[in-house]
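**Student:** The structure that follows is given in the form of structure tokens.
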Ligand code: SF4
Ligand code: SF4
Ligand code: SF4
């Protein structure tokens, strides 16, 4: 059903017809954007570091995988609703706070355990830091030029950002940003591996390909990256070109893997901010009352959206007694099910149900 | 041999061992994911457990925008993947039986996963392992068929998924005694 609507929309807009698919269009636009940005930033391609060529290819392949995966994902009826309404609600006052909470400091992970939170902060922020350094360098959005008086100039998007002393703190931080990132990621990954090997709760549900592979990939990248520095500092660059190739290879493999495995949650996590906005906004609008007990249990909007989504999947819960299951709050829904089993209308008995938490 | 969770609801004596056992399954982080309800609390002591029935076309998974609810090859509908669940709670209001639980602090849904760590290797789920009254059992399809014959349930009163439930389910539910007015010694 939803394919029809998107077809109709397409015929309405001519620009979409110029491309064979959404995929082709997104691909074309992103690659063009990267090329244009690089053109400007590298002062018409005069400052391209061709040693980083492998990363460029890796990134393009990654973008392909990313769009392939996420366009398919975004077409799913429930996802489409959240993305569409989430974008509309982005201007809510609470958005910055929710975004920082969900995407930067991960409060909800802290509530799952301090250990897991520390591990996630280390891995997450280590990766962010590494990407912030690597990709601008790869595409020439940022580079360093050396002046003759022991100063470096950091050039960002073709503009001289600042001049720093070659042995100053900012210079030191810039050279070592990748090392710091690698150490953070290594520490975080080791914590995660330790948990996966020792913690019985984690062990129960894990799979090698899904849970371990991404950790090993990140470890591979970090260790080879750190080895590059070691070779540079202690071994006078011995075997560095070879290691550099191995390191590039590890990054490219990870980039290709990223949209498909566990790491796919990175680009797609912002939707959790959309979901929070959606719940808060529509709960303020109008809440749905349970048909049996009268409790408010969800926003009318979300209830209707879910009914519609289930309808697309040919699932409908209209009962013989003339109502839809979606009109009952969750405890009443459970009691109604009991009543259908027993023939006695449990949900009509005005007694609070027994505690359902085994801890009492 | 593929086995299923099979419920004989009216056997339940309300001991809530199934809830306690559920907390002890690996990956459940010591919280139970099932329910036991009093059928007619002001009149008698009959109780019935309410479990996720592991729908063949699960409303919870279909409504999830994040594809966080995966369906295992055994047919078990798994709990939310921790890194994927975006906390929208669509699943909780989509499920016809109100099964998925939501933790607002952790921004995470959790539900019965049929103790997938056990059942994927043919070990019964925790609840069925401990139930003292044979309400919850772990049986092969042949054994379930034998049950059907044993209770002579050819009168259309056999409640096993269709057409008595909202959709086809991987868990079999049965109520031989109550619906037939038969007192049953098991
Ligand atoms: S363990 Fe069995 S008898 Fe006890 S409450 Fe659960 S289903 Fe009922
Ligand atoms: S009973 Fe509810 S939670 Fe269980 S599979 Fe079906 S829809 Fe999902
Ligand atoms: S609460 Fe989590 S598991 Fe449930 S529908 Fe939303 S994203 Fe999916």
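A Cβ is built for glycine as well, from the same backbone N, Cα and C atoms used for every other residue.
Okay, so TrEMBL annotates it like this:
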- A:27-46: transmembrane segment (TRANSMEM)
- A:52-71: transmembrane segment (TRANSMEM)
- A:122-144: transmembrane segment (TRANSMEM)
- A:169-194: transmembrane segment (TRANSMEM)
- A:215-239: transmembrane segment (TRANSMEM)
- A:245-264: transmembrane segment (TRANSMEM)
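Help me picture where these features are in the structure shown.
**Tutor:** Outside the transmembrane segment (A:215-239), and at least 6 residues removed from its termini, the chain residues within Cβ reach (under 8 Å) are 123, 126-127, 130, 178-179, 181-183, 185-186, 189-190, 192-193, 196, 246-247, 250-251, 253-254, 257.
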**Student:** Cβ under 8 Å, sequence separation of at least 6 from the ends of the transmembrane segment (A:52-71): give me the contacting residues as numbers and ranges.
**Tutor:** 22-23, 26-27, 30-31, 34, 134-135, 137-139, 245, 248-249, 251-252, 255-256, 258-260, 264, 267-268
**Student:** Looking only at residues six or more beyond either end of the transmembrane segment (A:122-144), which have a C-beta under 8 A from one in the stretch?
**Tutor:** 34, 37-38, 41-42, 45, 47-49, 52, 55-56, 59, 106, 152-157, 174, 177-178, 180-185, 187-189, 191-192, 218, 222, 225, 251, 266
**Student:** Cβ under 8 Å to the transmembrane segment (A:245-264), counting only same-chain residues 6 or more beyond its ends: which ones?
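**Tutor:** Same-chain residues near the transmembrane segment (A:245-264) but 6 or more away: 54-55, 57-59, 61-62, 65-66, 68-70, 134, 209-211, 213-214, 217-218, 220-221, 224-225, 227-228.
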